[in-house]
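Asks: What follows is a structure written as structure tokens; I'll ask about it next.
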């Protein structure tokens, strides 16, 4: 039976709008699914989530408020909002019973929208294992998996994918960039039982590979043979001179220049005063330069020599490399220098409409920019449409296709 863990969370800045939707799925070989955990931040959410006191004694802990946000698409569709600047936020929920991704495909999904420039901050989803004192959950709490954006200025626009293995955290070696074009984007991380993975952006594969090569968890299975040397008889010349090509007779006597056959002695040429007239020289079309043998394919060509790969004697395979410790908690950790709101949108149909509105808003903005250049003011009331964009249409499509992974 296929089991699925889904966590729906949406973040939005009060000024800087950040929409965040996360799905964590555990897929079995068949198409049935069971929801381990789902959160929409409706009535009773406080009973399921524990707000951490991390950084509170230092005066650096932010607090949440329950609100629909500044520009709600539905006033009754509320969420929790961070509203203190330059603060740390940490909140977690316990999952019962705990579960494992052994022999299952793990899919972590989230969507994010940043409508204004973000100076510095990050918001991470963490899957936690073992016992966690939820009142002390924070950035230094051990975790099994972390996924989320990290933006700081113009230099750092990173999408973190960090795996924990035997108590040590390993970030992905590839440089994954999060989107910063102020539109909604949908991120997906897929981890399979063969330790292969994929990173999707807007449901299109952006990166893929394997844990064996893209994380420095285990030594590489293959290494270059440092003792190997290029064989003395290795011929890497793709073309050689034709030994049967012979220089034509008289080739070296062909002059570089010849008298111009079209030149004529001027009518006013006086041989006594001007001397014997000689036609000017022109390049000889028959002259081909120094003779060289023609090139032919080298019958002994073996290609460019490369150092061979050999088995790494230090490599010891772990068939459970992809397996996380049993997951017992879901944690949300946010550091911000502006206000952020978390919310949840329920219905795929609702968000499909929201996505359509976002696309329409983009078209409106382009038209407004053109009109503004002609001296018209942009209607302020149009801002209200900007908040209600989302990507659940992508979520809906993804869920239908997830069983094929």
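The backbone N, Cα and C atoms fix where each Cβ goes, and this holds for glycine too.
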Asks: Of 321-348, 349-376, which span is tagged region 'Disordered' by TrEMBL?
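Replies: When 321-348, 349-376 are checked in TrEMBL, region 'Disordered' belongs to 349-376.
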Asks: Which site among 150, 333 has the most other CB atoms no more than 10 Å from its CB, taking these as binding-site residues?
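Replies: Answer returned by the neighbour count: 333.
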Asks: To the nearest whole angstrom, what is the C-alpha distance linking residue 143 (alpha-D-glucoside binding site) and residue 120 (disulfide bond)?
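Replies: Distance between the two Cα atoms comes out at 23 Å.
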Asks: Return the residues near residue 152 (disulfide bond), defined as same-chain residues 6+ apart in sequence whose C-beta is under 8 angstroms from its C-beta, sorted by sequence, else 'none'.
Replies: 119, 120, 121
Asks: By a simple count of other Cβ atoms within 10 Å, which of 124, 143, the binding-site residues in the record, is least packed?
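Replies: If we count Cβ atoms within 10 Å for the binding-site residues 124, 143, the smallest count is at 124.
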